[in-house]
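Single-structure report; data block below.
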Amino acid sequence: MRSCLSIVLAAGEGTRMKSSLPKVLHKIAGLPLICHVIKQIELAGVSQLAVVVGFGAKDVVHVVESFVKNAMIFEQKERLGTAHAVLSARLALQKGVDDVLIVFGDTPLIEQDSLLQLRAQLAGGADVVVAGFRAFNPTGYGRLLEKNGKLIAIIEEKDASDEEKKLSFCNGGILALNGKYALSLLEKIGNNNSKREYYLTDIVSIASQEGLDVRVVEVPFDNIIGVNNCFELFEADSLWQKRKARDLMLSGVTILKPETVYFSYDTQIKPGVMIEPNVYFGLGVKVHSGAVIHAFSYLEGAVVGTDARIGPYARLRPGTELAGSVKIGNFCEVKKAKIGKASKINHLSYIGDAEIGAQVNIGAGTITCNYDGFHKHKIMIGDHAFIGSNSALVSPLMIGDGSYIASGSVITEDVPMNSIALGRARQVTKKDYAMKLRARLSANQQKK
């Protein structure tokens, strides 16, 4: 197994984002850009990770160290170009590895297959490998200049001749180096340019002039898309969502209108699930086979059991665990609750901090009153209980198996199993009084 060091460049401020948040910490699918990159790097078998930080270093380091263990952190104190940024990780380079993989922290759509292709070229004898792509409109991209089938230089557009600007094979920004030559090549890069910066792209011409084996690997354009402003963030997120929906549908998930469904990076959906339009999956959602997620539902931090039915217009909040065949209907909210098999909460209810047994029916308009202004309290409802409509269940509370709560009740005391509880005032009916009431109200109206 070849050893590999990956250096992730994450020092840029990203002024075009017009945000105080470092660019690499903006999110797609609920995960920071840099974490998407690191995830693919790990899948590509990288053994060592170095991250070069700069603007917002403290925040970037916190996110990286929370996401991955044993990352080496280096700070680029001056912004003197991409090669200078890579050399900020000199100590990591000096350790010596077979492969050095250099990627940017703002390219969240890179896939492990592309990284593995670059590494395969190194294993096959290459010394420098560049990721390239074919651009329909190459404006703004560096061009890859080849001679006799060999890559000899990367020409930035501002330096390109009219003939070179016609080239459509462009620099994708990802670079792989033979660890034997990586440090020496980087140290030979100069700053003889208008900006007095050290450009990483110069490494290609230096390596070519030294007779080293320089190659290019063509990768899909969407793999190397960088994020520089909020519109590009939206575009990257849209492409990620399309990939996720495609993968799910190919695995056996039915998505009726995929362009209206939003997934998070960790969303898990088993084959046989059906998802209707306009559904949002926040972080930490797992949906088991046979479940149906109806339109306009919002799920986060929830587990949905086999053959469950959610929505339409339902909200599942963190800590929700639904067993098989549970039904959560329209305009219901469930938070931090375990709900047993085949139980139903069909209409207009709030259930929070609860443990509900199997085959329980929760009537329309029922709410758990779980917060006293200082603390949350728990309610437990046993199997086969029936909760009538428009009931208020004041926690802490225990309702036993098979118990029946009359509609409109306010329940403040525990209810033993197989009991009936009524918590409302007795109805008073005055026969024929409606006519007298109307006459009195009418007379009062005429006096005005």
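Backbone N, Cα and C atoms are what each Cβ position is placed from, and that goes for glycine too.
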One of Ala364, Ala434 listed by Swiss-Prot as binding acetyl-CoA at the site of Asn370, Tyr371, Ser389, Ser407, Arg424: Ala364
Rounded to the nearest Å - Cα separation of Lys23 (UDP-N-acetyl-alpha-D-glucosamine binding site) and Asp106 (Mg(2+) binding site): 7
Secondary structure at Lys23 (UDP-N-acetyl-alpha-D-glucosamine binding site), reduced by DSSP to three states: helix
Cα-to-Cα gap, Asn228 (Mg(2+) binding site) vs Leu9 (UDP-N-acetyl-alpha-D-glucosamine binding site), nearest whole Å: 14
Same-chain residues at least 6 beyond the ends of the region 'Linker' (231-251) whose Cβ lies under 8 Å from its Cβ atoms: 17, 26, 28-29, 33, 36, 108-109, 222, 225, 258-259, 261-263, 267, 269, 271
Span of the acetyl-CoA site, taken as the largest CA to CA distance across Ala364, Asn370, Tyr371, Ser389, Ser407, Arg424 (Å, rounded to a whole number): 22
Spatial neighbours, same chain, of Asn171 (UDP-N-acetyl-alpha-D-glucosamine binding site) - Cβ under 8 Å, 6+ residues apart: Val130, Ala131, Gly132, Tyr141, Gly142, Arg143, Leu144, Ile154, Thr201
Three-state secondary structure, Asn171 (UDP-N-acetyl-alpha-D-glucosamine binding site) (per DSSP): strand
